[in-house]
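J.: Got a structure for you, written out below as structure tokens; questions coming shortly.
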Amino acid sequence: MAPLPAGIHFIISFSRDQWYRAFIFVLTFLLYASFHLSRKPISIVKGELHRYCAALNEGDVEFSSQSQRASDTPRQQPPDNETDCSWAPFDQDNYQQLLGALDYSFLCAYAIGMYLSGIIGERLPIRYYLTFGMLASGAFTALFGLGYFYNIHSFGFYVVTQIINGLVQTTGWPSVVTCLGNWFGKGRRGLIMGVWNSHTSVGNILGSLIAGYWVSTCWGLSFVVPGAIVAAMGIVCFLFLIEHPKDIACSSSLVAHSRGHENGAHRFRLQKQVFADDENKPLDPEIQCLLLSDGKHPVHQSHVVVLPADGGGGMAAISFTGALRIPGVIEFSLCLLFAKLVSYTFLFWLPLYITSVDHLDARQAGELSTLFDVGGIFGGILAGVISDRLEKRASTCGLMLLLAAPTLYMFSTISRMGLEATIAMLLLSGALVSGPYALITTAVSADLGTHKSLKGNSHALATVTAIIDGTGSVGAALGPLLAGLLSPSGWNNVFYMLMVADACALLEHGLRAAHRPTALPWGPGHPSA
């Protein structure tokens with residue numbers, strides 16, 4: 001008998017369940033990366049929307065067709081053809097405020113819509129909900145670019161397009177996190193989510209490169225092409241996304257972790273056994289839920305707990321207020337608000353800042369800004385590995401936030417020393433800023449959404465994820481808006497704002513640690529769960 005080829009031996013070395021998990025991991029990674037791919041073009045195109053702008057004031061940025069340079073000189077007389085170089089209505093003195101308003105309109109709509117998205121999404125099939133969101137997002141992303149081809153100069157057109165796009169993009173995050181949470185248990189969740197969350201940085205990098213390719217020649221394609229990619233991925237989602245392992249008779253977790261399996265009128269849940277002699281070991285918050293209020297005696301010694309089926313009241317979708325009462329949801333939501341403020345300010349304004357410091361054109365600045373996202377990939381994975389090893393996600397976030405504050409101060413000074421210094425600070429800042437952001441939006445959200453106080457109610461994950469990310473999106477809306485208001489008075493003021501926001505995020509982490517409950521406020525049978 002001939003030996004099996006190495007490739008076939010590799011394939012059969014993994015089980016059917018493992019292949020399906022790997023497929024869902026890659027698919028959801030690509031789906032959400034395409035969302036971020038469509039958000040990046042606006043930051044790249046900003047430099048093209050305003051070139052040779054009228055009435056340069058101190059600290060404003062002067063753009064030319066070949067390069068863009070910072071100007072701290074007194075007001076200069078613009079060339080006669082300045083209106084030909086800029087795209088109305090962004091050819092005015094207040095162009096930075098107008099560009100900031102575009103960011104704010106998208107992110108504010110995203111933040112408001114996110115609170116509703118999780119509640120709606122947990123009541124609808126994930127595959128249909130996510131497919132609709134991706135097709136709609138692709139359409140409105142491309143619509144923004146069509147303004148170039150149809151010579152549209154109405155500011156209201158671009159604002160309305162951004163608002164609707166922000167609303168439909170809220171379908172993405174709760175859907176993919178819920179789907180991934182259905183397929184993966186809590187074992188090594190920090191590492192898994194850290195690697196998976198690099199889709200944010202990968203999407204930003206691809207979006208920067210795609211938008212930068214056409215920004216100087218036909219900026220409309222910088223939006224149309226990403227829009228087409230998102231829509232195409234929506235079709236892929238409809239054809240291939242599997243919402244839950246039970247849909248194809250797969251096991252639902254990597255380890256012996258409490259997850260439900262349908263069986264007619266009841267749901268059976270494998271339960272990890274907890275013994276009193278393990279009380280000296282630090283207990284995971286999930287394990288505490290299995291103990292009585294004295295924290296010593298296990299509630300169940302059996303391995304199987306029978307719960308009502310999905311149609312029963314015990315598995316009904318969780319309410320908004322019920323999700324807020326889960327320990328840690330409010331604190332981590334506020335922490336993410338400030339962390340996301342810093343991250344999204346870099347996302348939307350970094351290319352424009354680079355043009356003012358390193359004298360690069362729009363395409364070169366867009367390509368250089370991808371290094372921030374490269375650092376973010378390593379930061380997210382590092383945060384996941386550390387949190388898994390220490391089993392303390394909050395402490396990991398706090399440490400990285402503590403290091404991020406002085407790093408932001410150094411960024412504003414060292415990056416002016418040359419291109420090499422800018423590259424180094426982009427990588428370091430990306431890692432420290434994106435690490436806590438990635439950890440909170442993925443592993444922490446999934447941990448809280450599958451809290452034992454919810455009695456195994458997997459429907460709650462979408463709502464918890466939406467609350468945390470929705471609150472964070474409020475900060476994401478405020479950051480670019482404040483950057484647009486502060487940048488005319490100098491970029492240093494923008495960095496001072498970012499440092500204050502990072503300090504506030506660290507303060508929220510401190511409050512979370514100071515008020516961490518020693519026991520859950522309700523038991524598994526409490527109606528608030």
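Glycine is treated like the rest: Cβ placed from N, Cα and C.
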J.: Ranges 370-387, 496-513: which does TrEMBL label transmembrane segment?
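T.: So the range that TrEMBL calls transmembrane segment is 370-387.
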J.: Under a Cβ pair cut-off of under 8 Å, which of the recorded stretches 19-37, 98-116, 156-184, 196-215, 370-387 contacts the transmembrane segment (221-242) most often?
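T.: The stretch with the most close Cβ contacts to the transmembrane segment (221-242) is 19-37.
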J.: Ranking 19-37, 98-116, 196-215, 370-387, 399-417 by Cβ pairs under 8 Å to the transmembrane segment (128-150), which is first?
T.: 19-37
J.: Any residues 6+ beyond the ends of the transmembrane segment (19-37) with a Cβ under 8 Å from its own?
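T.: For the transmembrane segment (19-37), the sequence-distant neighbours (Cβ-Cβ under 8 Å, at least 6 residues beyond its ends) are 130, 134, 137, 169, 172-173, 176, 179-180, 183-184, 192, 196, 198-200, 202-204, 206-207, 210, 226, 229-230, 233, 236-237, 240-242, 245, 248, 250, 254.
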J.: So which of 98-116, 156-184, 329-350, 370-387 is most in touch with the transmembrane segment (196-215), counting Cβ pairs under 8 Å?
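T.: The stretch I would name here is 370-387.
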J.: Take the transmembrane segment (98-116) and find every residue of the same chain, 6 or more past its ends, with a Cβ under 8 Å from one of its Cβ atoms.
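T.: Distant Cβ neighbours of the transmembrane segment (98-116) are 39, 42, 46, 49-50, 89-90, 92, 155, 158-159, 162-170, 173-174, 320, 344, 348, 466-467, 469-471, 473-474, 476-477, 480-481, 483-485.
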J.: For the transmembrane segment (329-350), what are the same-chain contacts with Cβ under 8 Å, counting residues 6+ beyond its ends?
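T.: Long-range Cβ neighbours of the transmembrane segment (329-350): 39-40, 42-43, 103, 107, 204, 323, 369, 372, 394, 397, 401, 404, 408, 429-430, 433-434, 436-437, 440-441, 444-445, 448, 464, 467-480, 482-484, 487, 494, 497-498, 501-502, 504-505, 508-509, 511-512, 515.
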